[in-house]
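What follows is one structure encoded as structure tokens, with my remarks underneath.
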Amino acid sequence: MFISRIFLLLLVPSCLRASKSGQLLNYDVLYELNMKLQGLVHQQKLAAWDYETNLTDFNLERKLNVDLKLASFQKEAHLNISRYQLNSISDINIQRESQLYLQLEEEVLSPQKYRRLKQIISEMITIYSTAKICHYNNPSKCDLVLQPDIEDIFSESSSEAELAYTWIQRRNAVGPKCRNLFQEYVQLTNEAARMNGFADASEYYLLEYTDECIKEKLKHYNRRLRPLYEQLHAYIRSKLRKKYGNCISETAPIPAHLLGDISAQKWGGIGPITLPYPEAFEDLSENLKKQAYTITDIARLAEDFHRSLNLSKMPHSFWEKSIFTKSSDRTMTCHPSVWDFCDGQDFRLKACLKADREGFEAVHHWMGHIQYFLQYQSLDVKMRSAANDALFDAVGGALSIAALSLKHLKRLGLFHGRIDRKADINNLYLLALSKIPLFRSVYVALSWKWKVLSGKVKPENYNLQWWKLVEKYQGLKPPVPRSEKDFDPGTIYEIICGDSILK
């Protein structure tokens, strides 16, 4: 690597001398910055991993301290690069990497405010991950958490009363506790955006798409999807009416607690009871269970599948350090995430998965993200990211959809029936339940958060405006009336985690 850097330095064109101070911007400058950044990002990833896999005050404090060190370096690098005149640089790689150093995010805030912002996000995620509710049939026993307990109830229970009770209790345990924190989060992110030259944070979060028309394009795609979504919605409503009777209207929105998912983002939980051709259905989850698959076994299948496409083998660290199932001896965040520790060797997956269809899809999806990491691991840290989050997510999505094809499942011995029209439609239907409602859900979350960040939705109307958007775009309603004492958007991970929603 050092020799290759020396060779590249010899090729630096003279036009890189363009700066008012006469200083030279070259690969050597970026190399030095990259080495420092790589070490700090590695430390930050280790501290963040320790915290997310063991939610203790000690780990949070350690993470916040490392966050501050990294933010301080980002500011210094920004000032360093800003001394150079970049317009006349002909090398597009140097130009691009330099521009990335100039793009500060929340690091632009004072150290105190930046630390507070990171603390707020961590506190909201901790509330989301650790909140407990009481059992429907035993209200004195209050140990149910989101994963796996509440998710299991929504995928397995057929009691409308139990589902409504669990839906309400989960929101009572999370939303109100996050409300004030979220308001402070909005204030700080908007302050950072304005310091970076934007009107508000809703503009800043779209910067990576480098497209001034991105909002209009999203509206266009949403309109194009609407007919298909409405057909799926009407079909689901008719099936659920047969199961639950008059608690579901022929024409009104569907109660949000009856779709097999606590957040109603994916409807796969009601797949088996709403299939177009139940007589042609072969349950992947049951086949995995019969063959005693573990989630690690499924990850091995995913690696074999990726390698059959001429993609990379998972590194040793992935198998040694990843977390596939929830730890029983500590509290952790279960929301799936993939990690590049920026040392060229350490890549991990963190999730709380089960060996079922959903776990099969998730493992293939998230390991697809790691394939992206492996392909760009030799680049400088600033260049180790997708063009945007949507492209990054699309890689994993494409691989997971391909892995769920009936031909592939048959090759694995996980599908034994005939691959005919009915079997194909069933399989496509299950894929639709996991993808199409998710798009509408994301569109609602985006629309609401943009309105909040831009000031069009005020704190006193957070919940009212949320349910207006949910009804308009998702055709759903809460099982009971909601008020501003509630904060239902705060129970959606993508709203509170501080990351991009648009994927």
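Cβ coordinates are placed from backbone N, Cα and C, and glycine is handled just like the others.
A simple way to gauge crowding: the CB of Y209 (chloride binding site) has 19 other CB atoms within 10 angstroms, across all the protein chains here. Residues or ranges marked as chloride binding site in TrEMBL: Y209.
The feature Zn(2+) 2 binding site is assigned by TrEMBL to H365, H369. Within the same chain, the residues at least 6 positions away from H369 (Zn(2+) 2 binding site) whose Cβ sits under 8 Å from its Cβ are V338, F392, D393, V395, G396, listed in sequence order. The DSSP secondary structure for H369 (Zn(2+) 2 binding site) is helix.
Shown in sequence order, G396, G397, L399, S400 are the residues of the chain, 6+ apart in sequence, with a C-beta less than 8 angstroms from the C-beta of H365 (Zn(2+) 2 binding site). The Zn(2+) 1 binding site annotation in TrEMBL covers H365, H369.
The Cβ neighbour count for C134 (disulfide bond), using a 10 Å radius and every protein chain shown, is 16. Feature annotation from TrEMBL assigns disulfide bond to C134-C142 (among others).
According to TrEMBL, the disulfide bond annotation covers C334-C352 (among others). According to its DSSP assignment, C334 (disulfide bond) is coil.
Feature annotation from TrEMBL assigns N-linked glycosylation site to N54 (among others). Take the CB of N54 (N-linked glycosylation site) and look out to 10 A: across all protein chains shown you find 16 other CB atoms.
What TrEMBL lists as N-linked glycosylation site is N137 (among others). In sequence order, E162 constitute the residues six or more apart from N137 (N-linked glycosylation site) in its chain with CB-CB distances below 8 Å.
Annotated signal peptide per TrEMBL: 1-18, in sequence order.
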Using the alpha carbons only, what distance in Å do you get between C334 (disulfide bond) and C134 (disulfide bond) once rounded?
20
Work through the recorded positions one by one (N54, C134, C142, C352) and name whichever has its CA nearest to the CA of Y209 (chloride binding site).
C352
Densest Cβ neighbourhood among C142, C334 (disulfide-bonded residues), 10 Å radius:
C334
Measuring Cα to Cα, how far is C352 (disulfide bond) from C142 (disulfide bond) in Å?
21
N54 (N-linked glycosylation site) to C142 (disulfide bond): how many Å between their Cα atoms?
21
Specify the secondary structure state of N137 (N-linked glycosylation site) as given by DSSP, simplified to three classes.
coil
